[in-house]
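Here TrEMBL flags 56-131 as domain 'GHMP kinase N-terminal'. Summarising the annotation, TrEMBL assigns ATP binding site to PRO71, SER72, SER73, SER74, GLY75, LEU76, GLY77, SER78, SER79, ALA80, ALA81. The active site, proton acceptor annotation in TrEMBL covers ASP123. The domain 'GHMP kinase C-terminal' annotation in TrEMBL covers 201-266.
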Amino acid sequence: MATWSAPGKVFLFGEHAVVYGKPGIALAIRPRVYVTVRKTSHAHHAKSPYIDQCFKELNVKGSVYINSQLPSSSGLGSSAAVTVATLAAINDEFGLGKTRDQIAELAFKIEKRVQKGRASPTDTTVSTYGGMFLIKEGTRKRLAPQNYHLVVGNSQATHSTARMVEKVADLKGKYPTICEPVLNAIEAITLDAMKHLDEPQYLGRLMDMNHALLDVLGVGHPHLSRLVLAARATGAYGAKITGAGGGGCMVALAPKNLKARIAGALEVTEGRALITCLDTEGLRKEKDA
Ligand code: PMV
């Protein structure tokens with residue numbers, strides 16, 4: 001029996017723009033997903049296509065138990081975390097000798113297949129290695145860890161990443177002269193953020209700007225707008241949609257002493273709040289009970 005865990009993620013800057021070759025900044029967050037794999041002679045019966053693909057890719061049979069503290073389908077990277085932790089647990093249980101890089105690569109391949117081609121390596125990279133990354137067109141740059149106080153608000157409105165990516169592509173097709181500069185402005189925000197990663201107040205303003213531009217791209221949602229406004233009104237440095245939008249989650253960067261108040265405000269504004277911080281650890285082997 002082998003148990004491995006992997007963290008969730010948030011996009012701090014640049015979602016959607018990364019689909020068009022622009023840079024994005026994403027970081028691993030608590031909580032984690034825990035996956036236990038045990039050798040069996042018969043095939044497992046997982047309900048997740050991601051898990052099915054992990055066993056298929058590594059050509060073994062086993063049973064799997066998932067303990068996820070991450071809400072699924074909310075833009076916090078739970079499918080990537082499940083995929084990388086399942087691959088690592090299979091690798092360990094069956095002694096396959098895969099490296100962390102190989103697991104990250106395989107996890108991305110699986111995400112891409114299950115999501116019918118619509119996936120960037122952001123989630124699988126961040127979940128495998130932990131910490132914070134600048135991601136751009138298949139390259140990744142690890143950034144110095146920061147002690148951010150983050151409050152995530154889950155709008156609980158269902159969203160589909162594939163549909164939102166398509167929506168932006170449609171808008172860009174219809175209004176290219178407007179959408180191109182918007183994507184360029186998001187890129188400028190990400191690049192400016194790179195120079196101010198240890199200045200939360202400055203970053204907060206950039207998050208507000210990034211949020212407005214995501215709204216322009218049509219990936220806003222009334223619940224998300226209300227959550228973002230509630231976070232700002234209770235003292236967040238800044239707040240924005242995180243991930244694909246159209247539902248799912250927003251994230252606020254908070255002063256340490258205000259994060260509980262911001263979380264409370266999100267809870268009363270129809271959201272589920274999560275106070276979190278950077279998780280510098282990626283894939284991790286857990287002790288067997
Ligand atoms: O909501 P998520 O975590 O699936 O994030 C999607 C981010 C996009 O930039 C819209 C797509 C991608 O694959 O990077």
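Positions of Cβ are set from backbone N, Cα and C atoms, glycine also.
Note that the structure is predicted; figures quoted are calculated from it, not measured.
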Per DSSP, three-state class assigned to the residue listed as 'active site, proton acceptor': helix
PRO71, SER72, SER73, SER74, GLY75, LEU76, GLY77, SER78, SER79, ALA80, ALA81 excluded, remaining Cβ within 8 Å of their centroid (ATP): GLY8, LEU70
Distance-selected binding-site residues near ligand 1 (C-beta under 6 Å), from PRO71, SER73, GLY75, SER79, ALA81: GLY75
Fewest-neighbour residue among binding-site residues, criterion Cβ within 10 Å, set PRO71, GLY75, GLY77: PRO71
ASP123 (active site, proton acceptor) versus binding-site residues SER73, GLY75, GLY77, ALA81 - nearest by Cα: GLY77
Site with most surrounding Cβ atoms, counting all protein chains shown within 10 Å, from the binding-site residues SER73, SER79: SER79
Spatial neighbours of ALA81 (ATP binding site) that are distant in sequence (at least 6 apart) but have CB under 8 A: ALA6, PRO7, GLY8, LYS9, ARG32, VAL33, SER68, LEU70, ASP123, SER127
